[in-house]
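Q: Right, I'll just put the structure down here and ask away after.
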Amino acid sequence: MSYITKQDKVIAEAIEREFQRQNSNIELIASENFVSEAVMEAQGSVLTNKYAEGYPGRRYYGGCEFVDVTESIAIDRAKALFGAEHVNVQPHSGSQANMAVYLVALEMGDTVLGMNLRHGGHLTHGAPVNFSGKFYNFVEYGVDKDTERINYDEVRKLALEHKPKLIVAGASAYSRTIDFKKFKEIADEVNAKLMVDMAHIAGLVAAGLHPNPVEYADFVTTTTHKTLRGPRGGMILCKEEYKKDIDKTIFPGIQGGPLEHVIAAKAVAFGEALENNFKTYQQQVVKNAKVLAEALINEGFRIVSGGTDNHLVAVDVKGSIGLTGKEAEETLDSVGITCNKNTIPFDQEKPFVTSGIRLGTPAATTRGFDEKAFEEVAKIISLALKNSKDEEKLQQAKERVAKLTAEYPLYQ
């Protein structure tokens with residue numbers, strides 16, 4: 001920070017305050033994590049200076065021999081992690097990875113089957129406000145009203161009725177194991193291609209704790225942060241037959257020069273994910289999520305689908321204690337717990353209000369939180385939300401958060 005402090009005190013102060021916020025708060029946003037110092041060092045390296053349009057060995061600029069090394073390593077490590085035939089590590093984000101697949105697999109106006117955003121899908125899976133919903137004819141599938149799990153019979157029925165050219169599996173707020181084999185069977189039945197967006201569960205897949213979609217899907221997209229614990233970015237994994245189309249769609253199709261400093265950071269993160277302790281970490285992520293869900297149930301909260309198989313827990317706060325998701329998010333933030341309001345299946349509230357909150361265990365698990373710590377987290381959440389107008393109780397919750405975060409300091 002010494003160079004930033006000398007050059008730009010305002011930015012240096014903002015960065016320092018953000019570090020203090022991360023260190024003193026319990027981070028429960030399911031899509032966030034804490035990268036290693038090695039990942040941060042790679043992302044802040046001299047590679048940020050290098051333009052490298054093209055791909056390793058096929059660049060439009062000179063002087064790319066060393067970024068060729070880092071990008072090639074990122075590709076090879078990603079292939080090893082997921083067993084993919086081809087990998088493109090250049091997408092700047094998960095959304096751009098999804099866009100590239102759509103451009104390869106679809107024509108404007110084609111029909112696509114994707115998960116309803118309110119049921120746990122993602123903006124890029126056909127939301128009307130997103131490019132995906134504007135450019136393509138998305139038909140939405142959802143979860144069963146009683147079980148709050150994906151209804152594969154409904155997916156099949158919709159596929160047979162609408163004959164989509166592409167089926168999209170994957171979610172941003174779905175806490176159960178996704179059956180990619182069933183999705184593949186449905187896609188084959190209607191002669192559709194299958195794309196899986198595994199952004200949220202990529203780390204679990206890499207560790208063998210969730211079925212690997214690469215075996216079944218024509219295209220797999222992901223972010224490289226979240227459970228994978230790398231820098232913010234995207235990635236596409238596909239079968240060899242789609243290699244040329246995917247690569248030319250990313251560059252020169254929708255992107256120019258790749259962010260080679262970010263790609264180097266991806267390579268470092270993938271290397272970390274190939275180590276044995278990464279599986280141990282992911283196992284703890286899932287254990288902690290199950291403990292968090294069970295402890296909240298014991299505190300009287302209704303958990304969407306009754307529990308979790310992965311890293312996230314969706315809580316129906318409106319149905320449990322009468323608070324909206326927005327009110328719950330603000331209350332928890334006031335005591336040092338960061339989460340996000342989230343719609344739940346069949347939610348009647350607006351997206352900026354919601355009936356639920358989404359909680360995730362990856363970031364706090366990276367800090368070292370174990371099952372006992374997450375039992376305490378659940379009790380603090382309950383104390384704060386059930387006493388959202390009681391300053392004395394909120395202060396007690398705040399003090400308990402401070403005690404927990406002091407036990408598990410960040411980057412120390």
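The first residue you see is number 1, and the count goes up from there.
Cβ atoms are placed via backbone N, Cα and C, with glycine included.
A quick note: this is a predicted structure, and the numbers were derived from the prediction, not measured.
Residues or ranges marked as (6S)-5,6,7,8-tetrahydrofolate binding site by Swiss-Prot on the basis of sequence analysis: LEU117, GLY121, HIS122, LEU123. If you look up Swiss-Prot, you'll see HIS225 marked as site 'Plays an important role in substrate specificity', on the strength of sequence analysis. The N6-(pyridoxal phosphate)lysine annotation in Swiss-Prot covers LYS226 and is backed by sequence analysis.
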Q: Can you tell me the CA-to-CA distance separating LEU117 ((6S)-5,6,7,8-tetrahydrofolate binding site) and HIS225 (site 'Plays an important role in substrate specificity'), as a whole number of Å?
A: 21
Q: Between the Cα atoms of GLY121 ((6S)-5,6,7,8-tetrahydrofolate binding site) and LYS226 (N6-(pyridoxal phosphate)lysine), find the distance and write it as a whole number of Å.
A: 16
Q: If one measures from the C-alpha of LEU123 ((6S)-5,6,7,8-tetrahydrofolate binding site) to the C-alpha of HIS225 (site 'Plays an important role in substrate specificity'), what distance in angstrom results, rounded to a whole number?
A: 18
Q: Suppose we draw a 10 Å sphere around the Cβ of LYS226 (N6-(pyridoxal phosphate)lysine). How many other Cβ atoms does it contain, all chains included?
A: 28
Q: Hey, which of the binding-site residues LEU117, LEU123 is the loneliest by Cβ count within 10 Å?
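A: Candidates: the binding-site residues LEU117, LEU123. Fewest Cβ atoms within 10 Å: LEU123.
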Q: What's the CA to CA span in angstrom from HIS122 ((6S)-5,6,7,8-tetrahydrofolate binding site) over to HIS225 (site 'Plays an important role in substrate specificity')?
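A: That comes out at 16 Å between the alpha carbons.
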Q: Test of understanding: give the count of other CB atoms lying within 10 angstroms of the CB of HIS122 ((6S)-5,6,7,8-tetrahydrofolate binding site).
A: 24
Q: In DSSP terms, helix, strand or coil for the residue listed as 'N6-(pyridoxal phosphate)lysine'?
A: helix
Q: Are there any residues in the same chain, six or more apart in sequence, whose C-beta is under 8 angstroms from the C-beta of HIS225 (site 'Plays an important role in substrate specificity'), and if so which?
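A: Long-range Cβ contacts: SER31, GLU32, ASN33, VAL35, PRO231, ARG232, GLY233.
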